[in-house]
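To keep things clear, I will list the structure first and then write my remarks on it.
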Amino acid sequence: MSEQHPHNSSSVLYLGFLPSLKRLLCTPAYFLLLCGIVLKFNSFIGLLTFKAKYMEQQFGQSAARANFLIGVLILPVVAVGIFLGGLIMKRYKLSVVAGAQFSVISSFSAFLLLLLHFSTKCDNLPMAGLTVSYNGSVLNSHSEPLVSQCNQHCSCSISDWDPVCSESGITYVSPCLAGCSSSTGQGKNTVFHNCSCVLSPSPAEGSRSVSLGQCPRDPACSRSFTSYMAVSVLSSFINSLGTTPGFMITIRCISPELKSLALGIQTLVMRTLGGISAPVYFGALIDSTCLKWGLKKCGGRGACRIYDSNMYRIIFLSLTTCLSGASYFFIIPVIVLLRKQFSKEEVEVLQQTAIRKNQIELQSTDSHQADGSQTDTREKTELTDTDKTT
């Protein structure tokens, strides 16, 4: 008997799991909410994974500064928003429907703010042979070869990545591809001279020269980055206000015995369909905007050196906003279903309360009648005793 007990318990667990799962997924409010959460989580994971890279490629921020700003500005604001959302729900004692409405309104407001990111942008960095030609004209298609007439005699390797900046504002992939023939200085202070591909001569050196590093962005790009961070902080705060009320929807829209299973399935689906898949297709679409790939020592393709900023912005923001916007087609019907569900429950509660009141009144009336009949009987008995005594 002891050997059969584990087998019986596992079979009972298996037979009990499938009906519970079927019952859970056949709950319309939960299933629609699950679909909406998956889309929302895909948008969130894609945004969180590539936000620092987006700040780096679009606004010219270093990777360290981008991650520092996310950690210092956005994460504390999100934590405060989650705390205040729970405090508001407790302070005003929001019902399930009211909490769901509050969560959707805050989330949708943050979604509308995110649309402002399309207006905060920086132009492509002028890179000779990639975004502009060697004579400075903007390229419509990135088919311009890195080797041109001005550097074809230099026998340069197009796989090298050692960007240099000219005073005309154009960045070259390497000093060799800039056509430079001499250099002065050491380390970061190295300056290359007699560069045949540079458009204008350097007044300081009296010849065409370039310095190490990419050219800086213009001041308008810095202002765009400030606007981008302000919108990001504000939208993150507003969105986080609805986190706690939104979490309560999952707990309250299903029967009590299915709560633990519902939370487990929700977490599993979110991590599988969002946490694993979102970085894959986000990364694949973002990599399609790469203009210059690096090479590994073994000869394979390495990291992307420079992206098409305009295409990166369009693809990245379109993905996040489309996924987030599509989630509301599933979440809004949940509110409608919750209203119907809890309005019926309220009617049933009121009916049960009325029935209980009627029963209590009937019981009290019966008790009063019983007390009255007992009183009459006692009075009659007393009168009879009095007559006998007389």
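Using N, Cα and C of the backbone, Cβ positions are placed for all residues, glycine too.
Small disclaimer: the values here were computed from a predicted structure and weren't measured.
The transmembrane segment feature in TrEMBL is assigned to 29-48 (among others). Panel annotation: around the transmembrane segment (29-48), residues 107, 249-250, 253-254, 262, 265-266, 269-270, 273-275, 277-279, 282, 316, 319-321, 323-324, 326-331, 333-334, 337-338, 341 of the same chain, lying at least six beyond its termini, place a Cβ under 8 Å from a Cβ of the stretch.
Long-range Cβ contacts of the transmembrane segment (68-89) within its own chain (Cβ-Cβ under 8 Å, at least 6 residues beyond either end) map to 51-52, 55, 61, 99, 102, 106, 229, 232-233, 236-245, 248. Taken from TrEMBL, the feature transmembrane segment applies to 68-89 (among others).
Cβ atoms under 8 Å from those of the transmembrane segment (96-118) belong to residues 40, 85, 88-89, 227-228, 231-232, 234-236, 238-239, 241-243, 245-246, 248-249, 252-253, 313, 317, 320-321, 324-325, 328, 331-332, 334-335, 338-339, 342 of the same chain, restricted to positions at least 6 beyond its ends. TrEMBL lists 96-118 (among others) with the feature transmembrane segment.
For 144-199, the entry in TrEMBL reads domain 'Kazal-like'.
Taken from TrEMBL, the feature transmembrane segment applies to 314-338 (among others). Within the chain carrying the transmembrane segment (314-338), a Cβ under 8 angstroms from the stretch's Cβ atoms is held by residues 28-29, 32-33, 35-37, 39-40, 42-43, 46-47, 50, 54, 96-97, 100-101, 104, 107-108, 111, 114-115, 117-118, 249, 253, 282, 285-286, 288-289, all 6 or more beyond its ends.
Per TrEMBL, the feature compositional bias 'Polar residues' maps to 363-374.
What TrEMBL records for 363-390 is region 'Disordered'.
Per TrEMBL, the feature compositional bias 'Basic and acidic residues' maps to 376-390.
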Which numbers of helix, strand and coil residues does DSSP report for the domain 'Kazal-like' (144-199)? 6 helix, 11 strand, 39 coil
Mean pLDDT for the domain 'Kazal-like' (144-199), rounded to an integer? 82
